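Colleague: Please find one structure pasted underneath; my questions will follow.
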């Protein structure tokens, strides 16, 4: 039994690593195909092109094979999450290469299908599949232009299912020709349509089982109408309030005052707006720490290159409408699944974290202990300060709040003197808090300096560090979950830091990274 348990634990800890190995094996198979098959074909051009005696046929095949090889090789890199997440510019530029090469190869495939050496089945299937190939390329490009990430993902899966069918098709040809004794024409005539059809079916099956679904929920509990927005719904903006520098809250009115949109902890809503020439869709986590009904509230930070955030801050006014639907998300939390949850948040990354906090603390049957390390640049940048402070006082036995700031709000401010405004956090001497933004985590090894704002408050100034986690967090164990949300740079640094401290990678979830 102990051996079985050890194997089970190992699989839980390393399943992501195993998936990465599978993807790299796929990449290796692609390289092998290009070198071992395409390379040989191009090396023995005379023998290969004997099946295509006319010059224009040979040109068409050469274009199809060469551009297809580029497309498959570069396209394999598009499926690796670390590349998409760490180097988005490379992912985008590499995508253009794949689009151009794939489109040209598709045209070549259409031309090549008119001159096959596999009989009528190859002609018919070749024409249909090559046209479908070109369609998937066009639709994938259109979807990403309109920022429809899910639609782009689905069309790209369809496109690459056709491309990778070629890998299997060659194996089928070899097996049927040399294993079953078929001639080349019969082998190719059976292999090409069969593998394409098989991979098209597999692609649609995979898409249908991984597609984001919006479940319809509509029932009344304790006088509240619990609902969801499974389709795009126009909601009116009734309030727009600035909380900090470049940070505003947007409150949208629901159809009924007693209505509440049920958003599972860590899940998001999709917001859609027409920005410039295109429609932009972005996920945002709603905030409802005061259990309000009849409204849907979002806290959004404006980024210089952020299309949606810039639109909401600069163009959206009270009385305007936005299209919203959801919820969506991959994070799944069940009460008492863990004894401890460490929450690492930076800036507006507190929004999905806040939903997890309220979900746990508002459940009288959930005994999970929470440790929030909340990072901001200055003390006036702390979002949801009053709500977090109230929860820390009310649930002091289960909720530990650690706020860290990277610099004072005012240069030269004496941190030994309490500031005469509401941003001073009044906690007992045993309670601590923490806050910083992405600037607060650029150096995870820098020592944290404790700063006393007044006699009943200990503020943390510096960065979220290993020492800070060791001092205020639980020891690494299988009963501890780590949740991270903030700028991508922060998420990757925190994930690496927590792994080095001994916290399991399989029990570390970064919103916007793990569910990208």
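Backbone N, Cα and C atoms are what each Cβ position is placed from, and that goes for glycine too.
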Colleague: Among 241, 293, 351, which residue does TrEMBL annotate as binding FAD at the site that also has 282, 283, 284, 299, 301, 307, 308, 309?
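Modeller: Matched candidate out of 241, 293, 351, per TrEMBL for FAD with 282, 283, 284, 299, 301, 307, 308, 309: 351.
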Colleague: Along the domain 'FAD-binding FR-type' (230-334), what average pLDDT does this model show?
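Modeller: Per the prediction, mean pLDDT sits at 88 for the domain 'FAD-binding FR-type' (230-334).
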Colleague: So which of 96-116, 122-144, 156-180, 186-207 has the most C-beta pairs under 8 Å when paired with the transmembrane segment (59-80)?
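Modeller: Checked against 96-116, 122-144, 156-180, 186-207; highest Cβ contact count belongs to 96-116.
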Colleague: In the domain 'FAD-binding FR-type' (230-334), how many residues does DSSP assign to helix, to strand and to coil?
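Modeller: Across the domain 'FAD-binding FR-type' (230-334), DSSP assigns the residues as follows: 8 helix, 56 strand, 41 coil.
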Colleague: Which residues of the same chain, at least 6 positions away in sequence, have a Cβ lying under 8 Å from the Cβ of residue 308 (FAD binding site)?
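Modeller: Spatial neighbours, sequence-distant, of residue 308 (FAD binding site): 271, 273, 275, 280, 281, 282, 300.
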Colleague: Residue 301 (FAD binding site) has how many other Cβ neighbours within 10 Å of its own Cβ?
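Modeller: Within a 10 Å radius of the Cβ of residue 301 (FAD binding site) lie 21 other Cβ atoms.
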